[in-house]
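Just below is one structure, and these are the notes that go with it.
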Amino acid sequence: MSSKLLRGTFVLTLGTYISRILGMVYLIPFSIMVGATGGALFQYGYNQYTLFLNIATMGFPAAVSKFVSKYNSKGDYETSRKMLKAGMSVMLVTGMIAFFILYLSAPMFAEISLGGKDNNGLTIDHVVYVIRMVSLALLVVPIMSLVRGFFQGHQMMGPTAVSQVVEQIVRIIFLLSATFLILKVFNGGLVIAVGYATFAALIGAFGGLVVLYIYWNKRKGSLLAMMPNTGPTANLSYKKMFFELFSYAAPYVFVGLAIPLYNYIDTNTFNKAMIEAGHQAISQDMLAILTLYVQKLVMIPVSLATAFGLTLIPTITESFTSGNYKLLNQQINQTMQTILFLIIPAVVGISLLSGPTYTFFYGSESLHPELGANILLWYSPVAILFSLFTVNAAILQGINKQKFAVVSLVIGVVIKLVLNVPLIKLMQADGAILATALGYIASLLYGFIMIKRHAGYSYKILVKRTVLMLVLSAIMGIAVKIVQWVLGFFISYQDGQMQAAIVVVIAAAVGGAVYLYCGYRLGFLQKILGRRLPGFFRKGRHAG
């Protein structure tokens, strides 16, 4: 890849990661103010919105990026500009349709989410209010997403990265300010506070749009300067243009829906299953912990690992297109190994430190520290599946087998749908986690088979090195538990968030150092990270 594209990819990855970190950090003060009940109410609205947003955008932002990049490379800037205008019109229409459907269907979704009746102080009307407040964001976010895709198609990653961060900052400032003022100053009540917390999605979107508008004005000259240099135009009709665009968009739609769909299934089945099993008293709080508070923690290593590993995908596409299958196998190996090298120790660490970690972030008694720690313990290993599914789908797209990525998702979602309710009745939150894990495992097995079949990929080296990673992670785990045991003589993480933070930081630092040192001494670090590793560390023995 060119240095410009590499730099742009880094900027975009950094922006995305900063946004996700901010999206996790704000939950600390938010959870203190609204507790588990408020978290559940927030998720009832937000999970509906997330699914409708994915449907409304239809994968267009990523598809427009690919479309614009293709026609720009041919010098056909006129077709790129034509797509921007047409795409914005489509996003406006689909956003409005999604808004009206969600707004008008809110009573139905509210009843389903609550399990058919009022639940622990929350009524159907409360959930309807929150869903309708967040639905307003559907009028703006699709258009903003498409403009980001247009900039990315011109290899201008800065506008997307900066607008993502600003959108998140504006959203969080409004969310926390509104929640605090309504609860502490105006005594407006939990429902109104959470409603305005979800409404922050619209305010944040306006912030992101302002940034994009500033960038547009700043770069309008260079974009318009391309027009006189345009080559032969494709003269595509709108029908052909959108047909091509949909062919790009379809995989992004389905793959992007993976986590939202699994969350959506939990949101709409968990309470009903728990009530039928006789666990209504805890169902709502458990759902908030499962789908909001714990999941944010689980997604930290997922974000880092996938962002690091997916930078190799463009080179995979290039190798496949040129027919260089030997290089293709090496690149798939490096992508998979990079992700597993980062995600396995992170998951082991979070699992072993689930108690201190949950207490550090959500120390309030209203958020059930013991219950949260147990859910985090069992949920964190699923992060490995999340990461592998993302890269699995990306590789299938890279070798031009998008349809198999879609099929793998459908297989997993069907398994989740079938198993979720019976497993929740049997095992409560752990059952929902198990259903998610089984769904992702099925998707991954299918995806791995398709990659082997169509890319000629051998898993021999990957399996061998994964076993070594597990051994290194086990050694790291022993070090973490020893540190935690020693610290236990001086402080208890159960005494408060500060004590929990001390345990997490010291144990994680020691564990990480042990893992990296062992990997370095075995030459494992050098094998996997290669040139990404600073020169000082590129010595040592070589792992097999």
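Here the Cβ of each residue, glycine as well, is placed from N, Cα and C on the backbone.
Marked as transmembrane segment by Swiss-Prot: 21-41 (among others).
Counting only same-chain residues 6+ beyond the ends of the transmembrane segment (49-69), those with a CB under 8 A from a CB of the stretch are 80, 83-84, 87, 90-91, 94-95, 97-98, 101-102, 131, 134-135, 137-138, 141-142, 145-146, 148-150, 152-155, 198, 201, 244-246, 248-253, 256-257, 260-261, 263-264. Annotation comment: Swiss-Prot describes 49-69 (among others) as transmembrane segment, evidence class sequence analysis.
If you look up Swiss-Prot, you'll see 90-110 (among others) marked as transmembrane segment, on the strength of sequence analysis.
Swiss-Prot lists 127-147 (among others) with the feature transmembrane segment. Taking Cβ pairs closer than 8 Å, the transmembrane segment (127-147) reaches residues 41-42, 44-46, 48-49, 52-53, 56-57, 60-61, 64, 84, 87-88, 91-92, 94-96, 98-99, 102-103, 106-107, 109-110, 113-114, 163, 167, 191, 194-196, 198-199, 201-202, 205-206, 208-209, 212, 216 in its own chain, all 6 or more past its ends.
Proximity of distant same-chain residues to the transmembrane segment (169-189), defined by a Cβ-Cβ separation under 8 Å and at least 6 residues beyond the stretch ends, is recorded for 22-23, 26, 29-30, 33-34, 196-197, 199-201, 203-204, 206-208. The transmembrane segment annotation in Swiss-Prot covers 169-189 (among others).
As annotated by Swiss-Prot, transmembrane segment applies to 191-211 (among others), with the evidence given as sequence analysis. Below 8 angstroms of C-beta separation, residues 30, 33-34, 38, 41-42, 45-46, 49, 122, 126, 129-130, 133-134, 136-137, 139-141, 143-144, 147, 159, 162-164, 166-172, 174-175, 178-179, 182-183 of the same chain, each at least six residues beyond the ends of the transmembrane segment (191-211), sit close to that stretch.
Look at Swiss-Prot and you will find 241-261 (among others) tagged as transmembrane segment, backed by sequence analysis.
Residues or ranges marked as transmembrane segment in Swiss-Prot: 297-317 (among others).
Beyond its flanks by at least six residues, the transmembrane segment (338-358) meets 293-294, 297-298, 300-302, 304-306, 308-309, 312, 369-370, 372-374, 376-377, 380-381, 383-384, 387-388, 391, 462, 465-466, 469-470, 472-474, 476-477, 480-481, 484, 493-494, 500, 503-504, 507-508, 511-512, 515, 519, 524, 528-529 of its own chain at Cβ-Cβ distances under 8 Å. Annotated transmembrane segment per Swiss-Prot: 338-358 (among others), in sequence order.
Taken from Swiss-Prot, the feature transmembrane segment covers 375-395 (among others), and the record attributes it to sequence analysis.
Cβ atoms under 8 Å from those of the transmembrane segment (404-424) belong to residues 250-251, 254-255, 257-258, 261-262, 265-266, 269-270, 272-274, 277, 389, 392-393, 396-397, 431-432, 434-436, 438-440, 442-444, 446-447, 450, 454 of the same chain, restricted to positions at least 6 beyond its ends. Sequence annotations record features per position, and here Swiss-Prot assigns transmembrane segment to 404-424 (among others).
Swiss-Prot lists 500-520 (among others) with the feature transmembrane segment, giving sequence analysis as the kind of evidence.
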**Message:** Using a Cβ cut-off under 8 Å, which residues of the same chain at least 6 positions beyond either end of the transmembrane segment (21-41) come close to it?
**Reply:** 120-122, 126-127, 130, 165, 168-169, 172, 175-176, 179-180, 183-184, 190-191, 193-194, 197, 284-285, 287-289, 292-293, 296-297, 299-300, 361-362, 364, 366-368
**Complete:** Near the transmembrane segment (241-261) in space but 6 or more residues beyond its ends, with Cβ under 8 Å, are 47, 50-51, 54-55, 58-60, 62-64, 66-67, 79, 82-83, 86-87, 90, 386, 389-390, 393-394, 397, 402-403, 405-406, 409-410, 412-413, 416
